[in-house]
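Asker: Features from TrEMBL:
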type: ACT_SITE; residues: B:79; note: active site, nucleophile
type: ACT_SITE; residues: B:182; note: active site
type: ACT_SITE; residues: B:184; note: active site
type: DOMAIN; residues: B:4-197; note: domain 'Glutamine amidotransferase'
């Protein structure tokens with residue numbers, strides 16, 4: 001039986017893993033390769049590395065880390081952050097990444113999804129969406145690290161992304177991110193019901209039950225950062241908990 | 001030495017690294033002489049079926065693969081590389097494959113399943129083989145694909161996963177082997193499978 005996935009996310013800046021709360025107040029945590037290996041041994045199903053470095057020179061440091069991660073771990077991993085053209089996809093895939101996550105650049109140029117899917121296969125194109133609830137009961141797509149509202153409807157954008165060839169949608173709820181009050185169940189349920197590609201829920205994990213809740217409404221995977229980095233939740237404990245909740249998971 | 005066929009279908013380094021984990025020396029190549037001399041050949045691949053076949057043609061590798069398979073050399077296809085071993089695929093049209101294993105590559109059609117079949121699924125043994133030594137039903141491997149193999153003879157399937165249908169995970173017909181999932185990305189279970197692969201070479 002296909003299992004639900006637990007995905008630790010590592011934000012990388014200048015070669016180190018950091019974690020922001022509501023995208024601000026970023027603090028240093030650890031070495032990405034070591035942390036990646038640790039999570040892999042704990043039973044993480046995939047890893048996501050987001051490059052949050054701002055400058056072009058630092059991109060090379062990041063590519064070097066992608067190569068080191070690929071050498072050190074034997075589970076799939078996704079690279080995101082700063083991906084704006086097909087050439088960026090090629091660079092990180094050739095460095096050993098399995099998937100590439102694209103966010104703001106795809107909003108500006110939706111054809112990027114199609115081009116990348118045709119060139120490298122839909123399976124490696126993850127459309128990442130930062131969504132925030134508006135006053136009308138729907139969700140808007142935000143770009144530039146959650147700073148700018150595009151006014152685009154998040155659900156329509158997810159559907160369009162699927163039609164353009166994305167293999168997966170990662171939906172990050174800005175309202176929930178970093179506040180540890182649970183994932184946005186309503187948004188995740190709507191997307192899971194509507195789309196035929198897998199959904200990764202992101203933003204809001206605080207306790208083990210939060211994971212069970214979002215996986216039960218239909219998300220195929222749940223992504224989190226700080227609860228894992230600060231060892232508030234061990235992935236092995238989480239897998240046992242989810243198993244007891246009758247959610248299919250892979251336990252190591 | 002194990003030849004990993006380089007035909008422009010994505011990164012092959014991960015396969016190379018995983019071979020190293022089990023003490024196998026890989027070489028990423030499209031040199032026909034190297035393929036002829038190799039102890040075994042691995043055909044990896046991600047992307048679209050028709051593009052992959054087109055690239056095999058472009059690099060003039062099909063005759064070399066055919067000749068090596070005919071003389072009994074072990075060929076292991078991984079992911080899309082496994083799908084190429086079959087007669088044809090219906091991915092975005094109808095395209096001929098290498099025809100080492102009778103059968104077709106078809107799309108998942110069940111309603112209410114997510115496509116691609118993406119993530120960790122467990123292997124169910126269909127028939128005993130040294131390839132699945134020390135592999136049990138609680139052992140999960142990493143799949144990512146939208147089309148699956150539908151072999152003429154299900155006895156060519158060594159292990160499968162359940163996803164609306166029985167999805168062939170490991171297939172074998174004589175010296176031709178295929179793995180639909182990624183052993184190089186399947187943690188310790190993937191390593192065990194590559195160890196098993198190593199043992200059948202000796």
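Backbone N, Cα and C define each Cβ position, glycine as well.
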Asker: Quick one: pull the CA-CA distance for the residue listed as 'active site, nucleophile' versus residue B:182 (active site), whole Å only.
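Answerer: Here the two Cα atoms are 6 Å apart.
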Asker: Under DSSP, is residue B:184 (active site) helix, strand or coil?
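Answerer: SS state of residue B:184 (active site) = helix.
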Asker: Taking all residues of the domain 'Glutamine amidotransferase' (B:4-197) together, what is their mean pLDDT?
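Answerer: Mean pLDDT, the domain 'Glutamine amidotransferase' (B:4-197): 96.
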Asker: Just counting, how many other CB atoms are there within 10 A of the CB of residue B:182 (active site)?
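Answerer: For residue B:182 (active site), the 10 Å Cβ neighbour count is 24.
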Asker: Suppose we draw a 10 Å sphere around the Cβ of residue B:184 (active site). How many other Cβ atoms does it contain, all chains included?
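Answerer: Excluding its own Cβ, the number within 10 Å is 27.
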